Structure formats: C-alpha cells, structure tokens
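What TrEMBL says about this protein:
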type   : residues : note
REPEAT : 85-119   : repeat 'PPR'
REPEAT : 120-156  : repeat 'PPR'
REPEAT : 191-225  : repeat 'PPR'
REPEAT : 226-260  : repeat 'PPR'
REPEAT : 261-295  : repeat 'PPR'
REPEAT : 296-330  : repeat 'PPR'
REPEAT : 331-365  : repeat 'PPR'
Amino acid sequence: DWAIIEEGLERCNIKFTPELVSEILRKSSLHGKNALNFFSWVGKQAGYQHTSETYNMAIKISGCGKDFMNMRRLFYEMKRRGCLVSDAWAIMIMQYGRTGLTEIALRTFAEMKTDGFNPTASTYKYLIISLCGRKGRKVDEAIKIFQEMIHSGYTPDKELLETYLGCLCEVGKLLEARNCAESLTKIGFSAPLSYSLYIRALCRAERLEEALEILDDVRTQQSSLDQHVYGSLVHALLRKGLFEQALAKVDSMKQASIHPTVHVYTSLIVHFFKERQTRSALGIFAKMEKEGCQPTTITYSAMIHGYMNMGKVADAWNVFHHMKINGPEPDFKTYSMFINCLCKASKSEEAMQLLSEMRNSGIVPSTVNFRTVFHGLNREGKQCLAQTVLQQKSALKSERKCSTLI
C-alpha cells in the first residue's frame with residue numbers, strides 16, 4: 001500500500017508546509033503505519049523541515065499504535081534538532097499511561113522534571129487519570145501526584161476529579177476521598193459542588209450507605225446539592241434493587257423543588273423494563289414528556305433494549321423509527337446496541353439493514369458491528385448474506401483509504 005502512495009506523492013507537485021503535514025497526519029492517524037511512512041518521506045523532501053507540531057503528531061500516532069520504540073526515537077530526534085519538547089513529554093506520558101504502562105509513565109514524568117521541564121495542568125491530569133485506571137492502577141502514586149498538582153497551583157477540572165474520587169471510592173480509600181472533597185473548597189469549589197462530586201463517586205463505586213450518610217451530613221450543614229446527585233442516588237438504589245427507597249428519593253427531590261433529571265427518569269424506565277412492567281415504563285416516559293423533560297438518545301436506547309429483552313422486536317423498531325423521524329437521531333451506541341440485540345434474537349438480517357442505515361446517516365460501522373452481523377447470519381444458516389457483509393466491510397475499508405489519500 002505504501003509503495004503505491006509513495007509513487008503518487010513523488011508524481012504530485014504539492015508544496016508541503018508543516019501546517020499541511022500536521023493536518024494530513026491528523027486525518028490519517030487511524031492508518032498509523034502509512035501516516036508514519038508519510039512523515040518519514042516528507043521529512044526528506046528539499047525545502048521542508050519538521051516542526052514541534054509535526055513531531056508531536058507523529059509521536060502521538062506511534063504511541064496510539066503502541067510502537068513505543070519509534071515514539072522514543074522520534075522524541076530524541078526532535079530534541080537533537082532543537083525543537084521544543086515540552087508538549088512531547090506530556091504526549092508520551094499520556095500514551096504510556098493509556099495502555100497501562102504506568103510505571104514507565106512515572107519514570108518519564110520524573111525524567112521530564114530532571115530535564116528542567118515543569119509539568120503542565122494537562123500533564124498532571126493525564127498522568128493521574130492513567131494511575132487511577134483499571135490497567136496499571138497505582139493509587140498511592142495518584143494521591144501523591146494529585147497533591148503535588150494542587151501545591152503547584154493548578155486546579156483540577158471536573159473530569160479529573162470524577163476519575164480521581166471514583167478511584168479512591170472504588171479501592172476503599174474513603175477518608176482520602178472525603179479529605180479531597182473538603183479541601184476543594186480551599187481552591188475555589190463551592191461546598192455543594194465538592195460534596196456532589198464525592199457522593200456521585202460513592203454511588204458509582206456502589207458505596208450506597210456511605211453516600212446516604214454523607215447526604216445526611218450535608219443536609220445538616222444546609223448545603224443544597226444539585227439534581228445530578230439525586231440522580232446518582234436514585235440510579236444506585238435501583239441497581240441495589242431498592243425500588244421503594246428510589247421512589248422516596250424522587251419524592252424528596254420534588255419536595256426540595258428539584259426537578260428529576262432525564263437521568264432519573266431513564267433509570268426508572270430501565271428498572272421497569274427489567275421487571276417486565278412495560279406499562280409502568282411507558283407511564284414514566286409519558287410523565288417526563290408532560291413535565292417538559294426531553295428524552296435523550298440514552299432514554300430511547302433503554303426502551304429499545306427493554307423491548308428487545310422482552311422479545312417485542314416490532315415495538316423496538318417503532319421506537320427506532322420514532323427517533324429517525326422526530327429525533328434525537330440514533331447515535332453509534334444506539335445502532336451498536338440494536339445490532340447486538342437483533343443478532344441475539346436471531347434477527348441478523350434486520351441487523352444487516354441497520355449497517356446500511358448507519359452509513360446513510362453518516363455513521364461508520366465498526367469492525368465489531370460487521371463481525372456481530374457476520375457471525376449472526378452464519379448461525380442462522382445465511383452464509384450468502386454473511387459473505388455480502390464481508391464484502392461491505394472490505395468496500396468501506398477501501399473507501400476510507402481513498403478518502404484519506406484525497
């Protein structure tokens with residue numbers, strides 16, 4: 001493939017600039033090997049010289065492809081050529097971290113500081129998120145670096161706080177999580193927001209008793225919590241099968257003049273479908289619309305999933321068609337979920353139809369989508385149609401390669 005691309009590049013009469021090269025690398029990043037071959041080729045052209053930005057893109061592509069040897073080689077090359085490497089450090093730390101190589105990420109972090117570069121807010125953020133991840137989790141190091149980040153004058157954003165607090169709650173470091181939540185008020189966060197983040201983290205970690213205890217403490221302090229906290233509590237109660245307590249929590253929201261969010265209503269719809277109480281689920285749906293709470297793609301997806309689990313395929317399709325006509329448009333997750341459900345229900349031919357609808361809607365089916373339909377059709381003895389799915393997958397791959405070249 002690269003030989004053909006290189007031949008075309010040699011024939012073309014394009015004046016490559018670093019800005020153009022950065023854009024080409026960005027658009028072709030999914031084709032890592034060819035993107036890096038292009039990076040190498042263009043670097044040898046007369047009158048052209050790579051910049052920090054083009055090196056950073058190539059380093060990122062190498063890291064995404066887990067070619068860490070090449071990633072390091074490019075880093076040392078840009079350093080030798082006098083390019084600014086401050087962003088490259090952060091990119092390498094992030095790439096090591098996202099694949100679970102947190103030990104190497106920590107060594108790179110230390111190496112960066114030894115080299116005289118101070119970590120930026122984003123460097124701290126991505127390193128801490130990596131250390132909190134399931135792969136290569138190092139909680140004690142995450143705590144240490146989070147404290148270092150605060151002492152350096154950086155304020156963590158909501159994404160980092162949710163990940164960090166969630167990790168602490170998951171591993172049972174509840175004292176550290178509470179201390180973190182309470183310390184946030186010293187760096188500009190309001191008390192209600194700080195506690196909201198903490199309670200939601202407890203709910204996600206299925207620490208429901210602790211979450212309810214904190215909620216009582218906060219009430220004593222007369223702090224008002226946002227509606228999302230109640231949403232998380234309702235969701236956690238339903239997950240535990242505590243339906244009556246969940247409804248009581250919804251009532252307490254209304255008494256506090258807090259309108260239930262779409263998240264709360266969707267959680268109730270999921271619960272009723274799980275209990276095979278279709279009428280109650282539809283009653284909740286009608287109620288949320290009446291109260292002006294607009295259903296989201298997640299709400300409609302929950303209904304499609306619920307109907308499919310009950311074997312009501314026609315009703316699931318009706319919900320899907322309602323989305324197509326009235327909105328919100330089905331997204332990639334909706335299509336993927338519906339495809340999986342149809343194939344499990346031995347309706348793989350209908351799932352095949354969804355692959356076409358995805359493309360018509362501008363959504364690219366994934367390899368997993370094609371594979372699910374292919375195996376489903378084979379299980380149902382429809383080998384000819386299964387081969388058609390493989391052909392569609394190959395055609396899509398060719399189209400994407402052509403568009404990348406263009």
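Cβ coordinates come from backbone N, Cα and C, glycine included.
Automatic, uncurated: that is what TrEMBL annotation is.
Below 8 angstroms of C-beta separation, residues 52, 55-56, 59-60, 62-64, 66, 68, 71-72, 75, 78-79, 126-127, 129-131, 133, 135-138, 141, 145, 149, 152 of the same chain, each at least six residues beyond the ends of the repeat 'PPR' (85-119), sit close to that stretch. Across the repeat 'PPR' (85-119), DSSP helix (H, G, I), strand (E, B) and coil residues number 26 helix, 0 strand, 9 coil.
Within the chain carrying the repeat 'PPR' (331-365), a Cβ under 8 angstroms from the stretch's Cβ atoms is held by residues 297, 300-301, 304-305, 308-309, 311, 313, 316-317, 320, 323, 372-373, 375-377, 379-380, 382, 385, 388-389, 392, 396, 400, all 6 or more beyond its ends.
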